[in-house]
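See structure below.
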Amino acid sequence: MTQADGEITPASSLSGIQLQLFMLGTFRATEAIAWTSIFPYVYFMIQSFDEVDHADIPLYSGMLISIFTFCEFLSGMVWAKISDRIGRKPTLLIGALCGIITAISFGLSKSMVAITLSRALGGLTNPNVGVVQTCVGELVERKEQQAKAFSVVPFLRSLGTLLGPPLGGLLADPVKLYPNVFQEKSIWKSFPYLLPNLLVGVLSFSGMVLGLLLLQETHPQLVNKPDIGIRTYLAFKYLFTGNFRKHNCARYSRLDHAEEDGIELRMETEAEPEQEAIQAPCAITTSYKTKPTEKPVSKAFTLQVILQVISVFILAFHKVSSDIITPIFLAIPAKPTKPADNLVERNIFQFTDVFGFSSQKIGFILLTQAGVAIIAQSTLIPWIVGRFGALKCYRMILCIFPVAYLFTPFLVKLKSPFSIIALLFDLWVKVLLSSTGYICSAIFFLARINGVAASFGCLARSIGPLISGRLFKWGIQEGYIGIAFWTLSTVAFIGALESFFLLDHA
């Protein structure tokens, strides 16, 4: 539909599309912060509950983290159907509102049952995993645009994943960490883990408001439905700038499913080339020349597609498991609770040495990890991927992961300060590996498997922490505290072998 028709059409400039991708990315980033912010303090939070045996804390920690993603996995199809009925935008806004409620309820919880229910509800009421991917596919449908578009949202989510742990570690139990600011007789003493969750609630609320005002509906049958949020934005814009003109916009022709791969971001635009400023959001209209022919599922899931999904599953399994058991490994008190007091180390793998760090120290350590990742993602990683290619880089990093996991538990045996230096180096290497792995997979995996890969990645993030937590508990009791890391090393080795069966542009 053209401007002559008197209709508002989609944002035409590259910045207009980037604004929409950024808005979608904020939903994923906020969700990631909510999920990962509990990593540094979950051990201490569960420890504060009298009904939990100290030996069971690693198991419950893994369960508490995995239940969120498992409930996401369970509710994914339900949210997809809801978004088909009411639209993508309302669905995402409902999810953001539920995220605010569940985050604050988690911070106010005082029992294991309460925090478990809160996390489960947080996962069940989170529609972002599938709906955001659908929005990106509907917003950017030309094959030349999809590869870059599908990488924008995961990049923002990865930033949220990196920032969540340090924020949680630095804000948990503020009365103990910052006694000059937070008084002893205050709500922060009664609810020591409310502050990081309150921040999550504020971020979710901010994302919800921005989404209401700026996010466009992408559902093909609902794009022309009146949007009170965008109308409000335009009214405020007119009030403060006096500018209410309609913008020229790009048309997006639906991608034929036979055209599968694409790398660069290009547009067919009716706007002037120099029109690059961020413009007011507009309703999307999608033109259909012919109804796309869907590929049968049996033909879509070729051997290469299956191998790619398996690769995503394995990477997500060991990466997220490591992210969860590492803070637990750092947080366990210097004197483990359950192993035999007269334990004799019979081999190099049998030991129970730990770091015994506070949540604040863990937060600072994870903050350095996040800083390294953010800098590397904007400088080093693009150069490496451009120099060696996505698939070759992917194979290389998968081959390094098993070695990294193998040596992680032994770092505690080093004398201070060498143990801290080695720990930081270990964490920095791992975050560089995982950042490179996710960027590479976003480049060479087919766009059409994004939804399937996201679902199986979600399942891996559910199973991994649960298994790793149980192994960690067993390791503490039996004197093999590194067993969880060594298991991840084995899983990562299998993933490295599997990567050599992957082909470019399958």
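Quick reminder: no glycine exception, Cβ is built from N, Cα and C everywhere.
Lifted from TrEMBL, the feature list:
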{"type": "DOMAIN", "residues": "18-506", "note": "domain 'Major facilitator superfamily (MFS) profile'"}
{"type": "TRANSMEM", "residues": "21-46", "note": "transmembrane segment"}
{"type": "TRANSMEM", "residues": "58-80", "note": "transmembrane segment"}
{"type": "TRANSMEM", "residues": "92-117", "note": "transmembrane segment"}
{"type": "TRANSMEM", "residues": "193-215", "note": "transmembrane segment"}
{"type": "TRANSMEM", "residues": "362-386", "note": "transmembrane segment"}
{"type": "TRANSMEM", "residues": "393-412", "note": "transmembrane segment"}
{"type": "TRANSMEM", "residues": "432-459", "note": "transmembrane segment"}
{"type": "TRANSMEM", "residues": "480-503", "note": "transmembrane segment"}
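Long-range contacts of the transmembrane segment (362-386) within its own chain (CB-CB distance under 8 A, at least 6 residues past either end) are made by residues 39-40, 155, 158-159, 162-163, 165-172, 327, 330-331, 393, 423-424, 427-428, 431-432, 435-436, 439-440, 443. Counting Cβ pairs closer than 8 Å to the transmembrane segment (21-46), the top stretch among 58-80, 193-215, 393-412, 480-503 is 193-215. Using a Cβ-Cβ cut-off under 8 Å and counting only residues 6 or more beyond its ends in the same chain, the transmembrane segment (193-215) has close neighbours at 19-20, 23-24, 26-27, 30, 33-34, 37-38, 41, 45, 89, 92-93, 96-97, 99-100, 103-104, 106-108, 167-168, 171-174, 187, 229-230, 232-233, 281. Mean model confidence of the domain 'Major facilitator superfamily (MFS) profile' (18-506) amounts to 80 (pLDDT, 0 to 100 scale). Only residues 6 or more beyond the boundaries of the transmembrane segment (393-412), in the same chain, are considered here, and those with a CB under 8 A from a CB of the stretch are 315, 318, 322, 326, 329, 351, 353-355, 384-385, 419, 422-423, 426, 429-430, 433-434, 436-437, 440-441, 444, 481-482, 485-486, 488-490, 492-493, 495-496, 499-500, 502.
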